[in-house]
Amino acid sequence: MALSELYTKYNRVWIPDPEEVWQSAEILKEYKPGDEVLELLLENGTETRYPVDPGNPQLPPLRNPDILVGENDLTALSYLHEPAVLHNLRVRFVESKIIYTYCGIILVAVNPYKQLPIYGDGVINAYSGQNMGDLDPHIFAVAEEAYKQMARDSRNQSIIVSGESGAGKTVSARYAMRYFAVVSKSSSKTRVEDKVLASNPITEAIGNAKTTRNDNSSRFGKYTEISFDKRFKIIGANMRTYLLEKSRVVFQSENERNYHIFYQLCACADQPNLKHLRLLSADEFLYTCMGGATKINGVDDRGDMAETCRTFTLLGLKEEFLSDVFKVLASILHLGNITISTNGDKSAVSVSDVHLGVFCELMCVSAASVCRWLCHRRLVLAAETVVSPVAQERALNARDALAKHIYAHLFHAIIHRINAALRVPGKQHSFIGVLDIYGFETFEVNSFEQFCINYANEKLQHQFNLHVFKLEQEEYMKEDIPWTLIDFYDNQPIIDLIEAKMGILDLLDEECLFPQGTEQNWLQKLQNYLGSNPLFHKPRLSSHAFVIQHFADKVEYQCKGFLEKNRDTLYEELVDIMKASKFALLAEFFQKESEVSTVKNIRVKAATPGVKPANKQLRTTVGDKFRSSLYLLMETLNATTPHYVRCIKPNDEKQPFEYDSKRVVQQLRACGVLETIHISAQSYPSRWTYIEFYSRYSILMTKAELALSDKKRTSITVLQRLIRDSDQYKFGRTKIFLRAGQVAYLEKLRLDRQRSACVTIQSHVRGWIQQRRFLRIRKAILTLQQYVRGQRRIRQTITAVALKQAWAAMVIQKHWRGYLVRKSYQMVLVATVTIQAYIRGWRARKHYKKLVEEQKAMVLQKYARAWLARRRFQTMRRLILNVQLSYRVQQLRKKLEEQNKENRGLMEKLSGLANAHSQGLDKVQLLEAELKKSANERLALEKQEKRNKEEANQVISELQAQKASMEVEKKAMEQRFSETTQQIRDNFSGLQRKLQEDLEKEERFRKIAENNLEILREDSGREMEALKLENRRLREETIRLHSQIEEETQTNTDLQEQVTQLTKHVKVLPELRKDLHNLQTQKAEQERRVREQTHQAKVKMNAIIRQLLGNSSTEHISLVSPAESLEDAEDDGNLLVAFDGLQKATRVMEAQLREQKEGFESRVETLSFKVEHLQRENEQLQKLFKEKSNVNESIGQEVARLTAENMMIPEMRQLIGELNRQKQELETQLWEKTSQMMGQIEEVSAKLRVDVEEERSRCRRLEEQLEELAGVREEAQQRLQEEEREREQRHKQQQAEHEAKSKLRQEVSRLTAENMDLEELLDVKERLIKRLQDQVRSLQAPDRANQRLAPAVPREYLGMLEYRREDEPKIIQNLILELKPRGVVVNMIPGLAAHLLFMCVRYADYLNDGSKLKSLMGAIISAVKHIIKNHQEDFEVLSFWLSNTCHLLNCLKQYSGEEEFMKHNTPRQNKNCLTNFDLSEHRQIFSDIAIRIYHQIVAVMEKALVPAIVPGMLEHESLQGMWSPKPAGMRNRSSSVYEEAVGSCSVASILQLLSGFHATMLQHGMDPDLVRQAVRQLFYLLGSTCLNSILLRKDLCSSRKGMQIRCNISYLEEWLKEKGLQGSSAMETLLPLSQVAWLLQVSKTTDEDAQEITEHCHELSPVQIVKILNSYTPIDDFEKRVAPAFVRKVQALLQERDGSSQLMLDTQYHFQVTFPFNPSPHALELLQVPTSLRLSFLTRI
């Protein structure tokens, strides 16, 4: 389509304007070829006629549609020309307050002259990792692109920041370096990134100054290389400077200042450390007051001085160097104040000049030498050397030249020290360079400095053009589009004009060689050599200037000062004086200068040949040095990938957000932006992906085209149909390339189609509305006609007779209808009354049934609660008994341990006797003669054994008699107790029946009587039940006492058997009596030892018996009688036999006691296990039975003591006495209760006036009940008697068995002793020990038999796992390191691993083994840390171990024994608490580990979620057809990524990720509160990431996008409800995002809208609200932008609000995590170790 065809009516164009550069106008009449004028309507309402040449029509440039205005990339504009660029920048800068805009590969930065909240760390984090174009244009986006390309391509990068003074170059470069410092923190402790940033205040102090255009203008070029290692962390930096403006040291124009450092120094002149410099104020020094402006508004020179000193220290520069720097700067100021007087052609300096003295003192030079050589020159002639005076002007020049050289050397020395401080050890892998260099400059008077600056910009522009063409060519080749050369402006001829041989610089250097060379001669040479060059001109009105046609503009240079500035000469005499200075820094300056001057410089080969210079000294000029450094810079830039930032100064008054179109367009022309636009316009600037084209222009497609599935093919077909000229577009592999204007044409077609559709819809709607209106009118008219015609017909046909008949008919009808209505009413009334009767009856019956059911339920509840109370009481009683038994068992264990120690001493003594006997075996032959005598003695021993048997039988008979007496006493006690119980029951039953009969008789007091009787009935029922329970318990105790008496009888039998066995062993000892006759001396010694040991054994035996039987009982005498008989035997002379018998008796007694106590312990443990399941009801039981707790406790204590001490007879008597006392107390309490109730009954009886006859009838009924209870008691007594008979039979059987066994053992031992050979006497003692061990085992056999006869008890566990120390690594390996989270066994019981580990911890605590416990805890902690470290990215492993760590932490708290953690424990769990060690320190360690795992889990979830947030929440179309992409430019989204995105993310993808995380955490048994905290953290990340993206992406700020966001938020809310997470406060974190969506949709026009916005958006900061309003972008022409006036209204309303000034939300913020304490519901004793865990070496205890 021809471009002229677009000049139709209503389209808009740009026409030149002297004030605004370009002005918009609307076409009033369609242009046709041949027309001489174009009729236009200006925006101010005036009409104008734009002249057009019919032969060569130059039509004004077309204006872009409003939909394209304000785009992020200027190349996205359909019409690419100067007015379009200027207008787009204006809209973004003034209306949207956006300072950054892309122009192809250039970032255009407009200086806002105001601090903006877009440079915080949150913004840096938002741009980090993003592709170029994903977010709004920003300096951080350019820095991120450079950093990413360096890491991806391993190629060095450069960021070229240019612009004129005051455009913001230095600030932009500073922000770029700050970005690198933040995103690539160095791993070393040197913190190089901080030093890189710290170098900026120093370089700005010594290299920046105030100019007429900028308060902080950089007066030098700076290229900073930031070095990175292989991990792309900053390891160092290096700084190169270019063309320092030395002339500013000695001269400043009006309203300008010298370098900042001089004013900072003068501002701190009163500081003590600067007193020796004798500084004055800045107004008193010549070099600082020339411009007249020594102060800058808003700048604190004193504070800046402190900052400069601080950064010197931060860089590591020494205080001595800083002091030397201040001395040099002060000497320069004093040097400028030296007065040089004149006398004709001579000049002089007074030696007494104060400033001269200070200068020489500071610089350590001779004042006389300085005075002389400032005013004199040495001329070296052929034959002599002449010293001649110079004029004042030349002396002043010499002074200023010295000052400039000193400052230049100081500047380079500081830069050198900074580079040394920024250089750290390590190899540089790559670097990013930031070039902060002056832009193109043109002033009223342009000199040598402007010439060098513009020369550098010419070189940079040339390099920029080549790079643009390279990128364009790569893009075309990537898309397989033929590359065609584009005509553009090439500035290589200008560069050749300047730097080629015999160019401007060469001729300047040549003229500088001549001592008498002048600017006029040089200008003449320029005109002679370059006059024919079209780029070189001679001005008409000046003979001391020349003009160069630069790429940006024509510049006129004044020749004055060119030679002097290029020479930059300093007299040798002054140089020698400086070299001879004792000030080391100053001497070093000039020594280095002489060394540098001898180094060969780099030669630059020009594009065109020239004349070879005649002298090598030509290369030492300033111009030659600058050319060489510029050549090195271009080499560096060409070796890197450049990125361009062009800074624009919007106005000269430095007003915030003021836009001067003239100044802006001048800079756009100068910085190459318009050239980039021109190059783009020559090719195909508009580039669309096929998907974007299809989405945008599907409205222009036909049904057949929409039916095609291939969107690429469809897009090609549509474009070929819409635009016939194939040269206006090209089809690439992934994109469509369109020429300038074609997008506008397509937008026009799209708008026409939409407008046509709107017109069609409007026509149909309006037609439908009119049709409805017509039908309503027509219907009304027909109705009116009907009534009118009817009235007319009535008048024509009705007569008087007809009217009478009609009236009569109406009367008849009235009466008939009344009759019918009355009849129907009566029928309805009857039916209604009947229905109401039935309904009311039904409701009454229902209510009665409900009352009856409630009454029955109350009765059931009463009995159920009574049963529960009884059950709780029984449980509590058993618990108390078990506790008392366990305590006494522990006491018995301690006594057994003491007795074992004594037994070990006896064994040692026995071994000593065995040794003594072994010594006598050598004399066996001498003892053979005495064998007969020993036989006789054996017979005597047998007789003594018979006597011992008779005494034992006597003792047994006495015990049986005492037992029978005890049984009689017990029966008597039971009878008295039963009679008392029966009497109490009779009293209570009588009272109960009396109350019931009173209730039946007295109806008036029915309600009061019911309440009182119910209370009394419940109390009496409780008392009766308690008495029944007591009776049952006493019966059980009686049975238990009988069983204990039987066991005691069995014990006596065993003792008798042991005595028999002892006598058998004694038979062997008399055989050795023959040895004692031959060993008289040994015999006496042995007798003495035997007596002592016998006495000790008797004492210990008596002590043990006293402990067991008591000190004052007759049974003690009977039990000790065997020991006394042994003592008698000793008195008779059988000392050795008595001694051995006593030892054996002691061992037998000890074994018996040990066996009895072990059996008792096993029974106690069995009983304790039986009541574990009833412990949870103990607390309620204690509350219900506080009144009788003392009685029950005393009874339980007595029963437990009797059971623990084997039910000895003396204690039985005490028990009987105690029971009698308790019985009396019970009777007393019962009588008190009875008296109280009788009083109450008498009061009630008095009130109710009960007669005596009813009392008697009630008593008779009570007697009947007593008889029934008596029958029940007799039956119970009969059952008890039957049980006693059965027990006695079993006892007799067991006793007979034991007697048979004992006889058998006696016969075997006797036969063995008689047949023993004399040769076996050598080892007789060893066999004796073995026989004793066998006897111990045989004594244990009866107890085992008794245990086998007892009923089987189910096996119970203590909730501990026994393990050995060497099994600890296997536990860690199987339970932690190799445990898989997906195991079936692991997931069946959440926290199983933690519970098993805690059971091992409990075992170590149970053993009181501190080292074992410490080792286990340390191994667990190390293993968990190890598995976390090795699985940092594995969500399942992290979730599993977070759950187990929390469970283990809760177990450590739950079983710690602390009251605050034991509130919800069961009694069994309280019993399992740790007893020996405090693990609070380990709890803290596990808490820290849990926090670490939680944050790692959150990081893993965030890493998986972040890539899907923006595509799913903001970019995906959850509401189809609501959004279509707008045209994009070269910097379209994801332009830096060459691979196409695979797949698309949606809100469903996000919900799927969240569901996966949630399911995994629940599967692993994570605490619900912890899950809610994790979900809340993820939702905060969702909201903050989306909000930050909206704030940084202008394309997301639209009304339709707000609808999409609100829809997605609703999906998230539904997900929370589905998962039951409404209480997690997750939706509160999405409030800012929800308010943003509302803000995008709400109306934004009136004052009411502004007020509503300020009230509703309370979660957004004022900065965020204003940013969104400014960034609001309409998607279609039907939407409107937000007016700047409305934004100002909102800002005014938001001024009073206190809010954060931060624009971005901190996505790295994490809520504080808390781990709630939830006690484990699992009982440790019920947990089993699965076989799949391979923990068979663990044993459950």
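Backbone N, Cα and C atoms are what each Cβ position is placed from, and that goes for glycine too.
Per TrEMBL, the features are as follows:
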BINDING   GLY163, GLU164, SER165, GLY166, ALA167, GLY168, LYS169, THR170  ATP binding site
COILED    882-1096  coiled coil
DOMAIN    8-60  domain 'Myosin N-terminal SH3-like'
DOMAIN    69-751  domain 'Myosin motor'
DOMAIN    1418-1696  domain 'Dilute'
REGION    630-652  region 'Actin-binding'
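Note on the region 'Actin-binding' (630-652): DSSP counts are 9 helix, 8 strand, 6 coil. One residue stands out among the binding-site residues GLY166, GLY168 for having the most other Cβ atoms within 10 Å of its Cβ: GLY168. Within 8 Å of the centroid defined by the CB atoms of GLY163, GLU164, SER165, GLY166, ALA167, GLY168, LYS169, THR170, the record's ATP site, lie the Cβ atoms of ASN111, ASN214, SER217, SER218, GLY439, CYS647, LYS649, excluding the listed residues themselves. Across the domain 'Myosin N-terminal SH3-like' (8-60), the DSSP tally of helix, strand and coil residues reads 0 helix, 24 strand, 29 coil. Across the domain 'Dilute' (1418-1696), mean pLDDT in this model comes to 83. For GLY163 (ATP binding site), the same-chain residues 6+ apart in sequence whose C-beta sits under 8 angstroms from its C-beta are ALA109, LYS169, GLY439, ARG646, CYS647, ILE648, LYS649, GLN667, CYS671.
Sequence-distant contacts of the region 'Actin-binding' (630-652), counting only residues of its own chain at least 6 positions beyond either end whose CB sits under 8 Å from a CB of the stretch, comprise 89, 93, 103, 105-113, 139, 142, 145-146, 149, 153, 155-169, 172, 176, 213, 223, 240, 242, 433, 435, 439, 455-456, 459-460, 463-464, 467, 602, 604, 658-660, 663-664, 667-668, 671-673.
Within 10 Å of the Cβ of THR170 (ATP binding site) there are 23 other Cβ atoms, across all protein chains. In this view, GLU164 (ATP binding site) is surrounded by 23 other Cβ atoms within 10 Å of its Cβ, with every protein chain counted. Within the same chain, the residues at least 6 positions away from SER165 (ATP binding site) whose Cβ sits under 8 Å from its Cβ are THR211, ARG213, ASN214, SER217, SER218, TYR438, GLY439, GLU441, LYS649, listed in sequence order. Within 10 Å of the C-beta of LYS169 (ATP binding site) there are 28 other C-beta atoms, taking all protein chains into account. Using a 10 Å radius centred on the Cβ of ALA167 (ATP binding site) and all shown protein chains, the other Cβ atoms total 26.
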